[in-house]
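TrEMBL lists 106 with the feature active site. Marked as Mg(2+) binding site by TrEMBL: 9, 105. According to TrEMBL, the domain 'UmuC' annotation covers 5-189. Annotation source TrEMBL lists site 'Substrate discrimination' at 14.
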């Protein structure tokens, strides 16, 4: 069945909200900046008037003031923006129950099977009018049969049209979508752009028309996903409540060969534990349960998946590893292992952490933060356990890859 998906984006959202709440800013060049007291602060949002002076989001405040001396600088009010965003999404719910907030200023909605899908562009106009009437904010709307088409229609095409609406049809990808440079494709960052260029792929169309097997060989599942995006393929549904509280942080690994020795397998388990711990700390979370999954060889795909509760919530790799090792030693039957997965479940904000009088909680978090900083600054291979340098270790090799594949 043909779908009708919208991606609705609020133009210069933070700045627009500030203009609504302070009428004297209405006709002035306005930016919202992280710290207006420091000229080195970064611009979070710039209104259309400010943009006519060349002011851009994410540039330093001193640069923006050089372009526009009369710039009005406003300190962000994030809770206000979140509240307005919630109210706007409540408006969308009067059209459909399929509403997925994508960020504070963007949402996907799906109109498939509703009366509003009969004339999508007319529905988009009505939505724009209601958003402006109720909130004083201009919305741009991309329309497509999939989420990737709706997102691309909004980001690449609707924002350039006077009415702020564009429908990206699958039958017109070659004309409307493929000519854009590869960096404009959702999911392409600076590093991947360089890798695409090194492979001779410079446009979205170039990627769309590259043999899929070639992309899979070079970038694995990530290459396949980007190829699908370039061809407008995206089966993912519009998912209400996408931004509910996170429940777990996990990581998995397929090994380059069958591992048969317990010591070798535990080297990889430790690496997974450290990666899960690092990611959990980066999101400022703690977890109360460890889950370990082990799968056998391709010929004998047996294995197990087990969980164990922790006495205290944690984001410490040592604690995660000890629990995972207990699970492995308790349930492994000695058959060869080809893939492993590890997750920290039942997570909660680390603000809820309670003091454990039997552990040196002050020292270990400080050490973990130092190690995380070193890895962020110098790369994932900057510091690791000596066991990762053995033949069984995978962390050093994976540090040379993107998405599990060589750079």
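Glycine residues also receive a Cβ, built from the backbone N, Cα and C atoms like all the rest.
Residue 14 (site 'Substrate discrimination') falls within a helix when secondary structure is assigned with DSSP. According to DSSP, residue 9 (Mg(2+) binding site) sits within a strand segment. Across the fold, the C-alpha of residue 105 (Mg(2+) binding site) and the C-alpha of residue 14 (site 'Substrate discrimination') stand 9 Å from each other. Residue 9 (Mg(2+) binding site) and residue 106 (active site) are 5 Å apart (CA-CA, integer value).
The Cβ of residue 9 (Mg(2+) binding site) lies under 8 Å from the Cβ of 105, 106, 139, 140, 141, 142, 154, 155, 158, 159, each on the same chain and at least six residues away in sequence.
Model confidence over the domain 'UmuC' (5-189) stands at 93, taken as the mean pLDDT rounded to a whole number.
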